[in-house]
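One structure is given below, encoded as structure tokens.
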Amino acid sequence: YGRRISVRFCSSGMTLDNINREAVDRIIRVDHAGEYGANRIYAGQMAVLGRTSIGPVIQKMWDQEKDHLKKFNELMVAFRVRPTVLMPFWNVVGFALGAGTALLGKEGAMACTVAVEESIAHHYNNQIRTLMEKEPEKYEELLQVIKKFRDEELEHHDIGLEHDAELAPAYVVLKSVIQAGCKVAIYLSERL
């Protein structure tokens with residue numbers, strides 16, 4: 001009570017005392033929600049397509065998303081960030097989106113992957129710019145995490161394209177609708 005607690009983030013100088021708490025809270029909260037949602041999307045895809053030829057491809061991407069979520073779970077604890085109140089909603093919506101697009105076939109699932117991963121990569125790039133504007137040396141390791149995950153999301157995007165995402169029914173419309181949903185999810189998860 002009344003004492004300051006300093007939690008170090010790995011070897012950098014990033015502590016609870018010397019960072020922009022509001023910015024870091026928003027970043028960790030929304031990224032945790034996004035990685036949780038991505039996990040639920042891949043769970044939905046696997047429920048429908050897990051035993052097909054595309055199943056191992058989806059599983060590999062899902063395994064990376066599980067690692068991302070694990071890291072953001074750790075950061076939530078280390079920096080005492082509360083999760084978004086929308087987690088139960090993202091649980092249902094994420095699974096439904098994954099399963100629903102998978103019902104369109106492999107192409108539909110891959111179109112969903114392309115749309116979501118492109119949105120997430122764009123979002124991560126915005127966060128990188130934000131942190132680079134504010135004493136980047138303080139946020140060095142958070143920046144490394146975000147850059148690594150962004151690069152893996154871009155790999156998933158490319159895998160989706162390699163596996164016929166653009167052949168999905170109404171690809172352009174499907175992608176646009178999913179990306180609009182991603183923008184809304186990001187906006188809400190940052191704030192709620």
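Positions of Cβ are set from backbone N, Cα and C atoms, glycine also.
Listed features, source TrEMBL:
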BINDING   Glu35, Glu65, His68, Glu153  Fe cation 1 binding site
BINDING   Glu65, Glu117, Glu153, His156  Fe cation 2 binding site
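The Fe cation 2 site is defined by Glu65, Glu117, Glu153, His156, and by the 8 Å test on Cβ atoms against their centroid, the other residues of the chain that qualify are Ala38, Met61, Gln64, Thr113, Val116, Ile120, Ala121, Glu152, Leu154, Glu155, His157.
In this view, the densest Cβ surroundings among the binding-site residues His68, His156 belong to His156, judged by other Cβ atoms lying within 10 Å. Nearest in space to Glu117 (Fe cation 2 binding site), taking C-alpha to C-alpha distance over the binding-site residues Glu65, His68, Glu153, is Glu153.
Comparing the Cα of His156 (Fe cation 2 binding site) with the Cα of every entry in Glu35, Glu65, His68, these being the binding-site residues, the smallest distance points to Glu65. Cβ environment of Glu153 (Fe cation 1 binding site): Glu117, Ile120, Ala121, Tyr124 lie under 8 Å away, each six or more residues apart in the same chain.
Neighbouring residues of the recorded Fe cation 1 site, listed in sequence order and excluding Glu35, Glu65, His68, Glu153, comprise Gly34, Ala38, Asn39, Gln64, Asp67, Leu69, Ile120, Phe149, Glu152 (Cβ within 8 Å of the Cβ centroid).
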